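Sequence annotations record features per position, and here TrEMBL assigns transmembrane segment to 34-58, 70-91, 111-127, 148-168, 188-209, 229-249, 269-289. Annotation comment: TrEMBL describes 49-287 as domain 'G-protein coupled receptors family 1 profile'. According to TrEMBL, the disulfide bond annotation covers C171-C178, C258-C263.
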Amino acid sequence: MGSLYSEYLSPSKVLEHYNYTKETLDKQEASRQVASSLIILLCCAIVLENLLVLIAVIRNSKFHSAMYLFLGNLAASDLLAGVAFVANTLLSGPVTLRLTPVQWFAREGSAFITLSASVFSLLAIAIERHVAIAKVKVYGSDKSCRMLLLIGASWLISLVLGGLPILGWNCLGLLEACSTVLPLYAKQYVLCVVSIFSIILLAIVVLYIRIYCVVRSSHPDVTGPQTLALLKTVTIVLGVFIVCWLPAFSILLLDYACPVRACPILYKAQYFFAFATLNSLLNPVIYTWRSQDLRQEVLRLLLCWRPAARMQGRRAGTPGHSLLPLRSSSSLERSMHMPTSPTCLEGNTEV
């Protein structure tokens, strides 16, 4: 056991692996500094945007339903993904070569954990929407416990997945088995991660197709606007997810297939991962900005609206200030005049 981790604190091990997998070692040139600055600005926007959504969900009890709690978990994971990517960027370039293996694993593992948690949160939201629309009553008196278990499971799986390399699934001492993109990670581990993310993507697609089929078959009298709203949301969700993550998946698959130093494009992989991080920036727009209630709450945080003005808006009955909460799966089941689909609720929410 000791021999397995004996090289984790070696100051020269990272340099050895980078020399083996890279044709040339990256230097902190002006172009790289500009790219790093842009990536950090992007991550700051991710942190700010998701922090606003998270605060809005926490501070308003009307958003403590199942759907909004899952959205809050998604915002938290995306926020941490932005923080982790900032740290990853600051510790890249020449700094990388001065890291010990355990520091390198911590740097890359934090990014893997938070991005994995974000992806698992997307899956949890798809499951919740399917539960609501299919009238499957899984949220009873112990709904908080069930939601916490699902959220906790997503983080636990993410921790395990991101922590496997530091626990021993790496290529220290086996240079020929190393990834080019992530020189201390074993190619088999990279393939495993890509396969899991691909399965999650497929599961999300299947769930949303199922949602569409249930809406269309159960409510033929309102399938016109309801179906269009649902299809619009699903198209945005799946389209952005695929566009953001497909380049990163492709570069990792290419990394697995290419021999060492055979594919120069792998040396630009950081840009593919930066593009994938855009998903964390767009998630609040896709999943919460289509809720007028949540949008207004976030705007209040940004504009520092006074409580008095909020109460006046309520008394005046202004549509733009309506604060009707998004109904949970249980309230959806009790609705008799509206379909259970959460695509259009009380005229003020589309998710």
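In case you wondered, yes, glycine gets a Cβ from its N, Cα and C as well.
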Average pLDDT across the domain 'G-protein coupled receptors family 1 profile' (49-287), rounded to a whole number:
83
In the same chain, which residue numbers or ranges, 6 or more beyond the ends of the transmembrane segment (188-209), come under 8 angstroms Cβ to Cβ?
112, 116, 119-120, 122-123, 126-127, 129-130, 161, 164-165, 169-170, 177, 179, 181-182, 234, 237-238, 241-242, 245, 249, 252-253, 255-256
If you measure C263 (disulfide bond) to C178 (disulfide bond) at Cα, how many Å is it?
14
Given a separation of at least six residues and a C-beta threshold under 8 Å, show me what packs close to C171 (disulfide bond) in the same chain.
H17, A177, C178, S179, L184, Y185, A186, K187
Between the disulfide-bonded residues C178, C258, C263, whose Cβ has more other Cβ atoms within 10 Å than any of the rest?
C178
Surrounding residues of the transmembrane segment (34-58) on its own chain - C-beta under 8 Å, 6+ positions past either end:
64, 68-69, 71-72, 75-76, 78-79, 81-83, 85-86, 89-90, 92-93, 271, 274, 277-278, 280-281, 283-284, 288, 294, 297-298, 301-302
Mind checking which residues of the chain, 6+ beyond the ends of the transmembrane segment (70-91), have their Cβ under 8 Å from one of its Cβ atoms?
36, 39-40, 43-47, 50-51, 53-54, 57-58, 63, 99, 107-108, 110-111, 113-115, 117-118, 120-122, 124-125, 128, 147, 151, 154-155, 158, 273-274, 277, 280-281, 283-284, 287-288, 294
How about long-range neighbours of the transmembrane segment (111-127): same chain, 6 or more residues beyond its ends, C-beta under 8 Å?
67, 70-71, 73-74, 77-78, 80-81, 83-85, 88, 150-151, 154-155, 157-159, 161-163, 193, 197, 200, 203-204, 207-208, 237, 241, 273, 276-277, 279-280, 283, 287
